[in-house]
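Participant: According to TrEMBL, the record shows the following:
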TRANSMEM  32-52  transmembrane segment
TRANSMEM  64-90  transmembrane segment
TRANSMEM  102-125  transmembrane segment
TRANSMEM  137-160  transmembrane segment
TRANSMEM  172-196  transmembrane segment
TRANSMEM  203-222  transmembrane segment
TRANSMEM  256-273  transmembrane segment
């Protein structure tokens, strides 16, 4: 949330508007992020140990699972800094704030691309030069796609590291929003339709491979929430105090749901291995 709860927002129809979301967010987010980070550390550690001890027992490609674990670890490693910034304010400056958002979205986009590539074809069947080139390309593309997230983030009110410090209709933010919608909303929808239409792709859900879709399912509501935010601020939906308050709560819950992937994802992969 980029504004104080006692501010009067000029884009609300009624004035003054007092949004109670910020105090709630500042109270709930730090312990939630800390608990999620701890769960992610335990789950990822157990996943890597299982991957090393019994590599032949995995239904998915070891290379794909290892990279998903790497993406989860990178995502979870950023949560303590974000939790501390929410609880006590961000005092590290704009550069580290933008770097944090760059790495956050890099891990997020890389996992989306890895899940998509693992759901189509047999690219990860063996860890050979072809799959290594694919891995390098996916991580490089994900870093490139995450760059707009760093450009639009920044420090607001002196001590708040926010995901959007520019106008919502700024070209850089619209590019970032379009990339989020493509990777978090349109990509899972397209993969789902393709899997339902093509039996060969539907067969890839067997033996626990469909658990990788947990990531896309958890983040899809957040992608829809970002689209709703644009519609509200662009006044394509009725911008009232009540609509903004309900939307802020829905967007916060959907982002929290997505963050859970770094704790639930390793556990789901371990469950597939045990079964």
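Positions of Cβ are set from backbone N, Cα and C atoms, glycine also.
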Participant: Counting Cβ pairs under 8 Å to the transmembrane segment (64-90), which of 32-52, 102-125, 137-160, 172-196, 256-273 comes out on top?
Facilitator: 32-52
Participant: Are there at least 3 C-beta pairs under 8 angstroms linking the transmembrane segment (256-273) and the transmembrane segment (172-196), leaving out pairs fewer than 6 apart in sequence?
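Facilitator: They are not in contact.
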